[in-house]
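Student: Quick one: structure below, then a few questions.
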């Protein structure tokens, strides 16, 4: 077993060797290096064919038509294109958007920008288990609502929203529905031929593909229109200009092909590993699981260890690569906005750790992690005056601290 152990697969994943192999075939003079928009010679045709194959591999995994896949530089750009593209195109119909407080920053910050441009956004608070209340969603819908954006799997707590029910509700009201599926694709089945989802953001680097490439699914029937945010040569049916990065797209395609083959077995394996981890640490005093144990992704476990500072716990777990909150916001010392939205106190939100497992995680690594967590929590609580007071039966919340 190699140390340190990587348990931060929701931040990014290593590229699968099979994916790297395919990508390398698209870089050098002997490979498929042409510009796919070069229609006048074989180098361009080969590149175009490689992209067509990848587009089909991605569409196959999610039950889409390959013509509905628009390549972007990643899920953040896909989120921006979906929200700004719809808002700009349909603004004469209405200027109201609905999302939730626990969305990824790429959604929340895009919504903030649209608010500055004159749109109105309703931010729904989730229930304490992280799920959105459909009645609240319906109550928030208005005649001028043009878009709902609610993610499939939350990147911090792994809670799974009922995108099928949300899609039905949106379709019945004639409202466009966007889903950020960055954390769910390849872990949970997605069939867009059955789901009433109009736009769906995808990433490659969360599923053993390369960074810097993603896609936006844009439904053709009923047809969804977007205003382009990137202008130029009119690539991707005018929705996203820019020369297509053949090696990255081929890598994404291969990653999605592997997911389609291996997803069923891998989901079962990850679920077992996640439960093994939880069963190994749930007997620690004052430990709480964040989110819902039933409606959850197979690979994410977010836990709060009361009376232990999350940052110091991460330092103590020097042989485990874990995070507090998501990588996109882990540089800030603010408590996680996702956990605060669930109603956690600052203290509990600060004491949370996200463990995310993946393709190369083993039982041996999980058992080692359990051992390390037990000893680190013991050591840190021995140093904690708050823990001592808690053990003496003092109600910490009732203490009035004096500020110096």
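Placed from the backbone N, Cα and C atoms, the Cβ positions cover glycine too.
Here's the feature list from Swiss-Prot:
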ACT_SITE  328  active site, cysteine persulfide intermediate
BINDING   75, 76, 155, 183, 203, 204, 205, 243  pyridoxal 5'-phosphate binding site
BINDING   328  [2Fe-2S] cluster binding site
MOD_RES   206  N6-(pyridoxal phosphate)lysine
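A description of the local structural setting of each listed feature is requested, covering burial, neighbours and distances.
Tutor: Within its own chain, residue 76 (pyridoxal 5'-phosphate binding site) has 106, 214 as residues 6 or more apart in sequence whose C-beta sits under 8 angstroms from its own.
Taken residue by residue with DSSP, residue 206 (N6-(pyridoxal phosphate)lysine) is part of neither helix nor strand, so it is coil.
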Student: Note down the number of other Cβ atoms within 10 Å of the Cβ of residue 243 (pyridoxal 5'-phosphate binding site), including every protein chain shown.
Tutor: 13
Student: Which residue, out of the binding-site residues 75, 204, shows the minimum number of other Cβ atoms inside 10 Å of its Cβ in this structure?
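Tutor: Counting other Cβ atoms within 10 Å of each of the binding-site residues 75, 204, the minimum falls on 75.
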Student: Using DSSP and three states only, what is residue 76 (pyridoxal 5'-phosphate binding site)?
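Tutor: In the DSSP reduction, residue 76 (pyridoxal 5'-phosphate binding site) maps to helix.
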Student: Would you please pick out, from the recorded positions 205, 206, the one with the fewest other Cβ atoms within 10 Å of its Cβ?
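Tutor: Among the recorded positions 205, 206, the sparsest Cβ neighbourhood within 10 Å belongs to 205.
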